[in-house]
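Asker: Annotated Zn(2+) binding site per TrEMBL: CYS11, CYS14, CYS26, CYS30, in sequence order.
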Amino acid sequence: MQKPANSNKPCPVCGKPPHPDYTPFCSTRCADVDLNRWLGGVYRVQTNEIADDPDGAEQS
Ligand SMILES: [Zn+2]
């Protein structure tokens with residue numbers, strides 16, 4: 001993927017004017033948010049949920 005030539009569109013995440021270095025986003029934070037959306041179906045990043053591990057049974 002290449003950066004679009006025009007940077008007139010607002011940040012797709014928060015709607016703020018995009019930063020030239022982070023086009024089309026306004027910041028690395030918004031870029032990460034969008035990236036996490038893309039990866040949301042594959043990777044779960046920064047989740048506080050504890051997965052049930054079948055091998056992690058604490059039965060004695
Ligand atoms: Zn933004």
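Quick reminder: no glycine exception, Cβ is built from N, Cα and C everywhere.
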Asker: CYS11, CYS14, CYS26, CYS30: which of these binding-site residues has the sparsest Cβ neighbourhood within 10 Å?
Answerer: CYS14
Asker: Return one of helix, strand or coil for CYS14 (Zn(2+) binding site), based on DSSP.
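Answerer: In the DSSP reduction, CYS14 (Zn(2+) binding site) maps to coil.
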Asker: For the recorded Zn(2+) site, whose residues are CYS11, CYS14, CYS26, CYS30, find every other residue on that chain with a C-beta no more than 8 angstroms from the centre of their C-beta atoms, and list them by sequence position.
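Answerer: Those within range, site residues removed, are PRO10, PRO12, VAL13, GLY15, LYS16, PRO18, PHE25, SER27, ARG29.
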Asker: Under DSSP, is CYS30 (Zn(2+) binding site) helix, strand or coil?
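Answerer: Once the DSSP labels are grouped into three classes, CYS30 (Zn(2+) binding site) ends up as helix.
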